[in-house]
Number of protein chains: 2
Amino acid sequence: MISAMGPAPTRAAGSVGPVETRYADLPDPIDLDCGRRLTQVRVAYETYGTLSPERDNVILVCHALSGDAHAAGRSATSTDSTRDGFGAEDRDGAGTQGLGWWDGMIGPGKAFDTDRFFVVSTNLLGGCRGTTGPSSVNPETGRPYGSDFPVVTVADMVRTERAFLATLGIERLAAVAGGSLGGMQALQWAVQYPDRVGAVVAIASTHALHAQGLAWNAIARDAIMRDPDWQGGHYHGTGRAPSAGMGVARMVGHVTYLSSDAMTDRFGRGLQSSDDVRYTITDAEFQVESYLRHQAGTFVKRFDANTYLYTSRALTYFDLARQHGDGSLAKALEGVTARTLLIAFSSDWLYPPSASRDVEEALLGLGKPVEFHVIDAPYGHDCFLLEEARQTPIIRRFLSA
Amino acid sequence: MISAMGPAPTRAAGSVGPVETRYADLPDPIDLDCGRRLTQVRVAYETYGTLSPERDNVILVCHALSGDAHAAGRSATSTDSTRDGFGAEDRDGAGTQGLGWWDGMIGPGKAFDTDRFFVVSTNLLGGCRGTTGPSSVNPETGRPYGSDFPVVTVADMVRTERAFLATLGIERLAAVAGGSLGGMQALQWAVQYPDRVGAVVAIASTHALHAQGLAWNAIARDAIMRDPDWQGGHYHGTGRAPSAGMGVARMVGHVTYLSSDAMTDRFGRGLQSSDDVRYTITDAEFQVESYLRHQAGTFVKRFDANTYLYTSRALTYFDLARQHGDGSLAKALEGVTARTLLIAFSSDWLYPPSASRDVEEALLGLGKPVEFHVIDAPYGHDCFLLEEARQTPIIRRFLSA
């Protein structure tokens, strides 16, 4: 039942209130894995809660492919919501306007409790929501980078986050947390800056995407790049953008974020028209067809196609064993000092529990502290955005230890 | 292991030899579900084996979305192969040239034994391989139908097959068989012409596709229709065709035909280059990316995009309960007199065993003869094209009863 999709939080929990995204210009260039160097990097960010005098209560929250810095509270400047995931509109109704994508998880009394922690959220490197990315102006040419933007990795995103935090005077994180690509960033932090991370919360994530996940991402990227309006990646300023292709990419993504059972429960074979089929090729006939087109339409309005390409590429490249362990995940994780919390969802076939289990087993084998929970939930990968009530006590307990 | 993907048939079995596709012009128009009437319908077909004097040994074989009339033997006129499915190239090597798509199943001593049966295979209505479809000339305009072609259903395909068989003097089928959309046609035959079908073999098929299956098909169709070269469906004769979009559609389809485990076994995260990633957005970096692009490239050369749209639409519309039972599958199947054999594959998530089980249970509830086998095989939906050795004894035994 859709009404039961996002169970209400079990405790009264507050909101961080109205928030405004801010911007920081990094003083130094970022040296990237690809060998190139990015200068004049700007980072969009928000913060929730209060930084302790010791600066020891910082949690960095990292977003997934389609998110941004606005993770919690209500935007003071926009009614757009980056709240996402299956059924978000139904769950929040009109109240969704301006809410951050993880508002159910961040706030006073919530999983990431702003009464205790200073939560920082940034738009990732390569993004299109304020942080430097392909749609930003290339200082060398005065025009948007487009596909001249360097190919960035999850490690580059983490480097940028680290450099940004330094501008706030923050040198060490109590925890770093995220789901999906955000979880990859969290794991990367633990490997890349082991002495700067106290705890990792990686939800619905993986140390390396499986072959089918690579395939879905490749199809989504190809859908964008095959759109003639992509123009080799230099569509900025032409008045045309590869919206048709990115709509297809989004639809592919969306189906991979859901479970088949959840789609059956929600849509079944329900028709758009009340009675019978209308014998049409072009029109949406089934409710699920209409739903997907709607999802595609809203997404292309708020998201940049090149950012989709770069972010998708980064998450397919991510492979801790290859990048840090000569092919061995255990070797890659040898230096980790953070306590690690892994959460996966039983119906998530894109980032299946087995991927988190690989990480758990590697950490256990190294004698490192790790906790792994598989939440039995039916909504697929989107559970990390939906199953707030059941994640909350697990995360609160972990962060209190 | 890829080498073990298509296990060799367990018995020596022969080939039907060189074959040539023939064409029949139907004497009468076909009245369609949508209310329109198609005139001057041509059907492409092949036959294998010998028609008995009593005309009582006919098996009609129905193909799936991407097949055609060339089901068995070696084409006398073309080196193209419609042999399909994961790993077909590896399995058959150069010997694949000109082989029919179900050559492993049709022939002397094979599952559909041409020593005993007269096997007939047609290209379905709406097809692009000889039977009247959107790329055929509309007799009313003298130009290709394009998207003026009427929306056809599985029932319309079966009507056309029935009318075609009449031109051969065949009024009754010993059996009708097919996989996927072909299995839908087989089930439709049993419902639509109960007194003309002795037995049904429906493999990796369903009485109605589930919501996620509807979604994948909608995405594939949208990928084609969003390609500007589709031109509203009237691309024939313009020198342009929506190959970019149909390539995406094929890639989506291909991944849904495979299991995640099979993709991991075959490709894993193997890179195209021997050593490390090359930091590229546009080039295929992982082997699975290159494989998908190759599949897309070969498919668009041999297939018409409008036929893809029409066939995909027909298979999403197919719903025995809605069309024949006022929402009840049992009611839809009440009139069936054919013995029914259902085969499904454990790893098929597009046409899962549960769909065949629905049909089995409905038939059992009606006291009708039905046999259901789930073959434990790892390759997903493509198993119906690959698992010839294990399907063969089941089908031979069923047809001998």
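Glycine residues also receive a Cβ, built from the backbone N, Cα and C atoms like all the rest.
Feature annotation from TrEMBL assigns region 'Disordered' to A:71-93. Taken from TrEMBL, the feature compositional bias 'Basic and acidic residues' covers A:81-93. Residues or ranges marked as domain 'AB hydrolase-1' by TrEMBL: A:85-386. Annotation source TrEMBL lists active site, nucleophile at A:SER180. The substrate binding site annotation in TrEMBL covers A:ARG250, A:ASP382. Residues or ranges marked as active site by TrEMBL: A:ASP348, A:HIS381.
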Rounded mean pLDDT for the residues that make up the domain 'AB hydrolase-1' (A:85-386): 95
Enter the number of other CB atoms within 10 angstroms of the CB of A:SER180 (active site, nucleophile). 27
Lowest 10 Å Cβ neighbour count of the recorded positions A:ARG250, A:HIS381 is held by A:ARG250
Reduced DSSP state (H/G/I helix, E/B strand, rest coil) at A:ARG250 (substrate binding site) is helix
Going by DSSP, is A:HIS381 (active site) part of a helix, a strand, or coil? helix
In whole Å, how far is A:ASP348 (active site) from the residue listed as 'active site, nucleophile' when you measure between their Cα atoms? 11
Which state, by DSSP, holds the residue listed as 'active site, nucleophile': helix, strand or coil? coil
What Cα-Cα separation, expressed in whole Å, is found between A:ASP348 (active site) and A:ASP382 (substrate binding site)? 8
What Cα-Cα separation, expressed in whole Å, is found between A:ARG250 (substrate binding site) and A:HIS381 (active site)? 14
Other C-beta atoms that fall within 10 angstroms of the C-beta of A:ASP382 (substrate binding site): 28
